[in-house]
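Read through the structure below, which is laid out as structure tokens, and then see the notes.
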Amino acid sequence: MAEEYAECLLEKNFHEDCSGCKVDQMKRLRRGFPFWELFTVWIIVLCTALPISSLFPFLYFMIDDFNIAKKEEDIGFYAGFVGCSFMLGRAFTSVAWGLVADRYGRKPVILIGTASVVVFNTLFGLSLNFWMAIITRFCLGSFNGLLGPIKAYAMEIFRDEYQGLALSAVSTAWGIGLIIGPAIGGFLAQPAKQYPSLFSQDSIFGKFPFFLPCLAISVFAFLVTIVSSRIPETLHNHKFNDDESYDALKDLSDDPESNKVAERNGKSSLLNNWPLISSIIVYCVFSLHDMAYTEIFSLWANSPRKYGGLGYSTADVGSVLAFSGFGLLIFQLSLYSYAERLLGPIIVTRISGSLAMVVLSCYPLIAKLSGLALTVTVTSASVAKSVLGTSAITGLFILQNKAVRQDQRGAANGIAMTAMSLFKAIGPAAAGIIFSWSEKRQGAAFLPGTQMVFFILNVVLALGVVLTFKPFLAETQQ
């Protein structure tokens, strides 16, 4: 009886002029699978993820063209600073964008984020020197603060039974963007050299050899911006009064202890929310590893065999990463949701991290192969690493968004984005320095060459796995 009365209260307290209430009504009346909403969330996240790592397959050659590195072994050092500038910019603005999303809505932040890709990613492709590349990447990161708000949006636009799938779509699009982005960079960079029959050296793509992949992503971002202008706003623009259904439902609760928890959570700040903070810390460790791995993989694949690399071209790297993205898409859309329901997000994260360490341990051995054996092995390892890494991140997405109320999700995701961006800014810079150092110690007695690089990656990953255990990682009961 109480449940029926609660439903009536909820039905009567929709606000006619509130965009969030309209979305809630739409969710109640909707029947069937929300294909369009899933598609829009997916392409928005993909749009913001593509430029993050699209530069890595050609960054080695871009730094070489800038003539800033005195020796070949120093290219990785300078590449790390260009790679980290995006995340450094995002670290400075993520909390601000989260607060804007909670105050003015998710949609404005999403539109600004997609539009920033159109402008600054295009300018990056036209970079004339090292500092222009750093500044345009920094600006791109500063204005691209939509990942936190889009996670909140994904929780709010879907019914409860589809929220797990929604966050899986976010992490899938994010993971695929981080993989397909480099594939685009690999296939389209230096087009006058790779496809001389289509592009001449005298064309704009010959004068700016890294402009085409940036332009392709910017065109996609422009189309996504148009689509994003049609999405509904999910943030409620009214305040609850004492006679609103929220308080009525609170009085109807059969569990007085849950009321105390709700009051306590409402009064406490986000920084005192340990389930949120602990999941953010673990998320940061995995993010640092993920970004460092993304840069190291491309540098390792591009570097000469005499330094323990694969000697791959940008197109070769693009092929490997394209297969990785396809494998990740199949797994996330077909198997991840079952694994998450069966094991829970924490166990999925823990198992994924542990298996990823095994895969990474094989990378130095892969460099000893050649021909078809090398191609098959490195592609399989890349697919496995991508699936495991994205599965771990998805579990942490779910934990973060379940740890807070709707009106706190933008700020909570902003905090997560700031912390994650700082760690991801450290990742490429540290990875570039360590990779450059490893190339100079080929004859070392302990973990020579790239063996040291992958060992350090595994140490970071092991730390993330350890932090998923109690008492450190707490799971909310909401």
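Start at 1 and count along the chain as shown; that gives each residue its number.
The backbone N, Cα and C atoms fix where each Cβ goes, and this holds for glycine too.
Annotated features in Swiss-Prot:
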TRANSMEM  43-63  transmembrane segment
TRANSMEM  81-101  transmembrane segment
TRANSMEM  108-128  transmembrane segment
TRANSMEM  130-150  transmembrane segment
TRANSMEM  169-189  transmembrane segment
TRANSMEM  208-228  transmembrane segment
TRANSMEM  280-300  transmembrane segment
TRANSMEM  317-337  transmembrane segment
TRANSMEM  346-367  transmembrane segment
TRANSMEM  378-398  transmembrane segment
TRANSMEM  415-435  transmembrane segment
TRANSMEM  453-473  transmembrane segment
Could you check whether the transmembrane segment (346-367) packs against the transmembrane segment (280-300) - three or more CB pairs closer than 8 Å, residues at least 6 apart in sequence? yes
What else in the chain is close to the transmembrane segment (130-150), if you only count residues 6 or more beyond its ends and a Cβ gap under 8 Å? 41, 44-45, 48, 51, 55, 62-63, 66, 68, 78, 81-82, 85-94, 96-98, 101, 106, 109-110, 112-117, 120-121, 123-124, 170, 174, 410, 412-414, 416-417, 421
If one takes Cβ-Cβ under 8 Å and requires six or more residues beyond its ends, the residues near the transmembrane segment (280-300) are 53, 56-57, 59-60, 76, 79-80, 83, 87, 178, 182, 308-310, 317, 349, 353, 360, 363, 367, 382, 385, 389, 392-393, 396-397, 400, 415-416, 419-420, 422-424, 426-428, 430-432, 435, 450, 453-454, 457, 460-461, 463-464, 467-468, 472-473
Would you call the transmembrane segment (317-337) and the transmembrane segment (169-189) in contact, using three or more Cβ pairs under 8 Å, pairs 6 or more apart in sequence? yes
Contact set of the transmembrane segment (81-101) with the rest of its chain, CB cutoff 8 A exclusive, min separation 6+ beyond the ends, reads 51-52, 55-56, 59, 62-63, 108-109, 113, 130, 133-135, 137-146, 148-149, 152, 235, 291, 295, 410-418, 420-422, 424-429, 431-432
